[in-house]
Amino acid sequence: MFFEIALIGTTASGKTYIADTLAREFDAVVLSLDSLCVYKEINIASAKPSQDDLASIKYFGVNLLSVNEHFNVELFIREYQKAKEFALARNLPLIIVGGTGFYLKTMIDGLSEKTLESKSSLNNDEIYTLLLNIDPNYKIEKNDTYRLKKWLGIYEQTREIPSEFLKRTQKTGVLKDIEIYELAWDKEILKKRIQTRTKEMLDNGLLDEAKILFYKFDHKLKALNSIGLKECKEYLDGEISFKDLENLITIHTTQLAKRQRTFNKKFQSKALEFDKALATLRMKFSIEK
């Protein structure tokens, strides 16, 4: 029968493995909420499910765009609606999985009224300084050009404090009363998993993937400045050694995992130790079925 769960966790926590295993065993549909897996050309850097997995499991949210195409959370809302419609029509469970917690939170909390991105010539530092003075409660990374321009666009068009405008115009979310499970790892063990995965990605051709991407596309594109690719660019430009490349990807991925862990505290989730996660979720799926 149809039911839905969300499976969250940091990068390298094993979310995809758990989701794919359950999908095969219970014929479940999977919606990926990952900001890199949406791109057709990024396979290794995104830790995208294998071609075999994508062929044997009904996936949504993967291989939707080219690297030079822009997207926002509305893309995932549309993919969720498609995935749910597909699963409901066939009476199948739906697993929502991904490390980009912002997308899941927006799907639960709802979107705010649309505004246009600012066309201002102000740079990131200037917009960020303005933000700190006007709207210090609005949390944006200093290097997030897209969200900074969106923030400035709201301020220019409404003359309201953007965080208050977004709260006032927020619509109902598409996800209701969904059970959320978070894969939990000891920090040191997770760091070792990240080290291992980094080495595997390099062994599997990450540098070759990066070469092709930087040859075909503008290196300033946001997707090409993601962890794994931006370090490859530095290596290919002769700025760092191969040893530095591996170390920097590991360090930056570990820092990302820390930020993800902090963000995931916003959810009312049930913690699952990885070793026990499959057994727990198998039991749930068996009962629901």
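Glycine residues also receive a Cβ, built from the backbone N, Cα and C atoms like all the rest.
Features of the protein shown, as given by Swiss-Prot:
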| type | residues | note |
| --- | --- | --- |
| BINDING | Gly9, Thr10, Thr11, Ala12, Ser13, Gly14, Lys15, Thr16 | ATP binding site |
| BINDING | Thr11, Ala12, Ser13, Gly14, Lys15, Thr16 | substrate binding site |
| REGION | 34-37 | region 'Interaction with substrate tRNA' |
| SITE | Thr100 | site 'Interaction with substrate tRNA' |
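Recorded features from Swiss-Prot, shown on the structure.
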| residue | record | DSSP (3 states) |
| --- | --- | --- |
| Gly9 | ATP binding site | coil |
| Gly14 | ATP binding site | coil |
| Thr100 | site 'Interaction with substrate tRNA' | coil |
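Counting other Cβ atoms within 10 Å of each Cβ, the lowest count among the binding-site residues Gly9, Gly14 belongs to Gly14.
For Thr100 (site 'Interaction with substrate tRNA'), the binding-site residues whose C-alpha atoms fall inside a 10 Å radius of its own C-alpha are Gly9, Thr10, out of Gly9, Thr10, Ala12. Per-residue confidence over the region 'Interaction with substrate tRNA' (34-37) averages out at a pLDDT of 95. Note: the region 'Interaction with substrate tRNA' (34-37) comprises 0 helix, 0 strand, 4 coil (DSSP; helix = H, G, I, strand = E, B). Same-chain neighbours of the substrate site beyond Thr11, Ala12, Ser13, Gly14, Lys15, Thr16, judged by a C-beta within 8 angstroms of the site's C-beta center, are, in sequence order, Gly9, Thr10, Tyr17, Ala47, Gly99, Leu183.
Most other Cβ atoms within 10 A: among the recorded positions Thr10, Ala12, Ser13, Lys15, Thr100, that distinction falls to Thr10.
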